[in-house]
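Only one structure is covered here, and it is reproduced in the block below.
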Amino acid sequence: MVSWMISRAVVLVFGMLYPAYYSYKAVKTKNVKEYVRWMMYWIVFALYTVIETVADQTLAWFPLYYELKIAFVIWLLSPYTRGASLIYRKFLHPLLSSKEREIDDYIVQAKERGYETMVNFGRQGLNLAAAAAVTAAVKSQGAITERLRSFSMHDLTAIQGDEPVGHRPYQTLPEAKRKGKQATESPAYGIPLKDGSEQTDEEAEGPFSDDEMVTHKALRRSQSMKSVKTIKGRKEVRYGSLKYKVKKRPQVYF
């Protein structure tokens, strides 16, 4: 674990930060010699990074593996050994020169295929999104239909009172009769009228004016309170439901 931490620190500081700073100075001073030197170093270090990634997964168990990595990075960077320049001129430059045309063709084909693959993936993604939207819409419509079917007729008739007048269905006969009775209530007193069998004589005779109403009630009261019947030459006076017999007074002579 300690060897891994030390090797990682050496690679980051001496393998990346130090060459990056001297590459900046070479670009700033426009020194072609230093510029070529650090360009060769970065090409070799890129290849080293690829090989290191694979070796860390397969050769990390090898004894002194991390110490060898530290020694190799210092050998590449040292101005005395110039390991990066040596590897580039002896191996990389001849290999890249012989395979340059093939590498360029592979790069062009990779760009074209990558563009086509990206377009195909985009179309498939749009198709999947459209299919998912249609499926969700169908499922929601089915849920709404099942919800409406679950309502009973009682629930549907209970909602009819909230509809506009023009859109209400025809009323049943008991509802029409009940509403008709409510409409025939007296507006002055708020008392519903009686049926035809229970109406009094005053109600059956029709409306009167105020004066006629008072006179009519007085006559009816006097007629109901007093009725005279003649039974076998004798008069009986009736006050309401009581009968009062009239006795003859004896005549008094003076």
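Heads up, residue numbers simply count up from 1 along the chain you see.
Cβ coordinates come from backbone N, Cα and C, glycine included.
What you see is a predicted model, and the numbers here were worked out from it, not measured in a lab.
Annotation source Swiss-Prot lists transmembrane segment at 1-21 (among others). Below 8 angstroms of C-beta separation, residues 38, 41-42, 45, 66-67, 69-70, 73-74, 76-77 of the same chain, each at least six residues beyond the ends of the transmembrane segment (1-21), sit close to that stretch.
Residues 15-16, 19, 22-23, 26-27, 65, 69, 72-73, 76-77, 83-85, 87-89, 92 of the same chain sit 6 or more residues outside the transmembrane segment (35-55) yet have a Cβ under 8 Å from a Cβ within it. As annotated by Swiss-Prot, transmembrane segment applies to 35-55 (among others).
Residues annotated as transmembrane segment in Swiss-Prot: 59-79 (among others).
Look at Swiss-Prot and you will find 162-232 tagged as region 'Disordered'.
Residues or ranges marked as compositional bias 'Acidic residues' by Swiss-Prot: 198-212.
Residues or ranges marked as phosphothreonine by Swiss-Prot on the basis of a large-scale study or a structure entry: T200.
Sequence annotations record features per position, and here Swiss-Prot assigns phosphoserine to S209.
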Give the nonlocal contacts of the transmembrane segment (59-79) in its own chain as ranges (CB under 8 Å, at least six residues past its ends).
3-4, 6-7, 10-11, 14-15, 18-19, 41, 44-45, 48, 52, 87
